[in-house]
Amino acid sequence: MTAYIQRSQCISTSLLVVLTTLVSCQIPRDRLSNIGVIVDEGKSLKIAGSHESRYIVLSLVPGVDFENGCGTAQVIQYKSLLNRLLIPLRDALDLQEALITVTNDTTQNAGAPQSRFFGAVIGTIALGVATSAQITAGIALAEAREAKRDIALIKESMTKTHKSIELLQNAVGEQILALKTLQDFVNDEIKPAISELGCETAALRLGIKLTQHYSELLTAFGSNFGTIGEKSLTLQALSSLYSANITEIMTTIKTGQSNIYDVIYTEQIKGTVIDVDLERYMVTLSVKIPILSEVPGVLIHKASSISYNIDGEEWYVTVPSHILSRASFLGGADITDCVESRLTYICPRDPAQLIPDSQQKCILGDTTRCPVTKVVDSLIPKFAFVNGGVVANCIASTCTCGTGRRPISQDRSKGVVFLTHDNCGLIGVNGVELYANRRGHDATWGVQNLTVGPAIAIRPIDISLNLADATNFLQDSKAELEKARKILSEVGRWYNSRETVITIIVVMVVILVVIIVIIIVLYRLRRSMLMGNPDDRIPRDTYTLEPKIRHMYTNGGFDAMAEKR
């Protein structure tokens with residue numbers, strides 16, 4: 001059965017390695033480097049979705065029950081130092097407790113002593129709106145309420161025992177570690193010294209040790225005692241202070257050794273002071289240990305860009321700061337809330353983000369879809385470290401090689417130049433001198449005819465990419481529109497032409513002018529005729545439409561006729 005389990009683990013590990021290799025190979029890092037895009041090998045992804053709770057009860061004053069009050073004065077002085085350290089912390093906890101309304105309290109026996117401890121289930125915040133800090137603090141208090149009885153019992157037992165370490169597991173499986181500081185020193189050195197060296201000498205040794213312990217206490221828990229918020233625990237200081245292996249707290253964590261390493265490396269073990277007991281000089285800390293779950297087959301790559309040259313112009317490719325690659329997915333990664341260890345990214349949720357299709361194809365090696373912007377200033381990076389060497393744009397920069405500062409001439413058919421320790425030991429870029437790694441190899445992937453996408457603005461990237469696609473579409477449709485316009489102009493009739501319209505307008509204007517001239521001539525002719533016959537006399541032989549009878553009346557025609565009769 002054991003062999004079968006080991007074989008299954010080996011097979012799963014091999015599949016994971018193969019899958020990780022395939023995911024890493026889908027990004028052509030060599031081709032992208034030719035246009036100044038630098039992509040690292042990537043790190044795995046782990047999700048910290050939940051945590052385990054631990055509690056540490058610190059007894060800061062050792063149990064001293066010497067005869068004749070030996071060492072009492074030194075202990076009193078030591079307590080005064082602790083008061084100056086712990087009283088402000090206790091007052092802050094009291095203020096925090098006052099902001100939380102108790103909605104569900106437990107009943108206790110009337111005769112039982114009321115021990116001072118935070119015990120409340122979160123209800124409403126006194127001022128109405130709960131901030132995230134208040135909610136976090138309230139959750140810590142509510143969780144501490146569940147362990148109240150167990151912690152109270154171990155605090156009571158610590159006052160009655162002379163052991164330096166007590167370990168208790170409560171009903172829900174949460175460990176409570178009790179550290180009684182300096183108790184071993186008192187038991188092993190101070191008590192024997194009283195009988196050998198006398199009370200005064202032993203008391204002096206105790207005072208020196210207490211002062212030293214106070215300094216070590218500030219070193220180990222200074223960040224935790226200085227605030228009521230969450231702070232990372234200093235594991236090394238805690239281990240050396242109490243002569244114990246602090247990793248014992250994590251013995252029941254259901255996780256692997258690599259996860260424990262990542263948690264320690266990123267300082268994700270947080271401690272919060274939840275109780276200060278000035279009567280017993282005990283401090284209780286709530287410790288949160290995150291539980292990590294690795295997402296198989298996922299790598300997060302860190303990406304960056306430097307400028308490169310093509311056709312005598314300097315360009316810059318815009319890429320996401322982090323790229324998440326999965327078997328069938330390639331996108332961006334928002335690591336704002338993530339922490340980075342040496343091998344992994346630890347995130348509270350899946351950081352995957354969608355990126356435009358053109359940017360995906362660019363990262364996969366199709367440089368014709370890469371969104372670029374033209375460099376107009378010197379703020380764009382000109383060099384970067386890759387594969388133990390340096391990749392630089394030596395056309396837009398002044399590059400030198402070796403201790404003799406030999407100038408580097410970059411081929412204009414190449415976008416960038418790759419420099420390593422083999423071909424250039426001391427590398428200089430714009431006056432900055434760099435030593436390449438001796439283990440770096442010469443990154444020569446050959447000269448490629450590079451073609452990139454349309455120029456865009458860097459901010460915002462998504463909008464610019466959409467505008468770039470729209471620009472390509474408009475450029476393609478412009479030629480088709482020109483062809484359609486020519487066809488329409490050829491198919492149209494004669495009166496649709498521009499020359500015909502102009503001719504018609506000119507003819508109409510000429511006709512209008514002629515009509516006006518004719519009217520003026522007729523008007524002047526009639527006026528001249530009226531001026532030539534002022535008496536309005538008309539000759540007899542002149543043809544007129546007026547009746548002849550009128551002339552008969554006017555010329556005496558009727559009178560002559562009457563005489564004849």
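Backbone N, Cα and C atoms are what each Cβ position is placed from, and that goes for glycine too.
Annotation comment: Swiss-Prot describes 142-170, 466-491 as coiled coil, evidence class sequence analysis. As annotated by Swiss-Prot, disulfide bond applies to CYS338-CYS347, CYS362-CYS370, CYS394-CYS399, CYS401-CYS424. Residues annotated as N-linked glycosylation site in Swiss-Prot: ASN104, ASN245, ASN449. Residues or ranges marked as region 'Fusion peptide' by Swiss-Prot: 117-141. Taken from Swiss-Prot, the feature region 'Leucine-zipper' covers 278-306, and the record attributes it to sequence analysis. The annotation signal peptide is assigned in Swiss-Prot to 1-25. What Swiss-Prot lists as topological domain 'Extracellular' is 26-500. Residues or ranges marked as topological domain 'Cytoplasmic' by Swiss-Prot: 522-565. Per Swiss-Prot, transmembrane segment is recorded for 501-521.
Of all the disulfide-bonded residues in the record (CYS362, CYS370, CYS394, CYS399), the one with the smallest CA separation from CYS347 (disulfide bond) is CYS362.
Mean pLDDT for the region 'Leucine-zipper' (278-306) in the predicted structure: 88. The least crowded of the disulfide-bonded residues CYS362, CYS424, judged by other CB atoms within 10 A of its own CB, is CYS424. The two recorded residues, CYS394 (disulfide bond) and CYS370 (disulfide bond), have Cα atoms 22 Å apart. Counting every protein chain shown, 24 other Cβ atoms lie within 10 Å of the Cβ of CYS399 (disulfide bond).
Of all the disulfide-bonded residues in the list CYS338, CYS362, CYS370, CYS399, the shortest Cα-Cα distance to CYS424 (disulfide bond) is found for CYS399. If you draw a 10 Å sphere around the CB of CYS401 (disulfide bond), it holds 18 other CB atoms from the protein chains shown.
Recorded residues CYS370 (disulfide bond) and CYS338 (disulfide bond) have their alpha carbons 28 Å apart, per Cα-Cα distance. Under DSSP, the residues of the region 'Leucine-zipper' (278-306) split into helix, strand and coil as follows: 0 helix, 24 strand, 5 coil.
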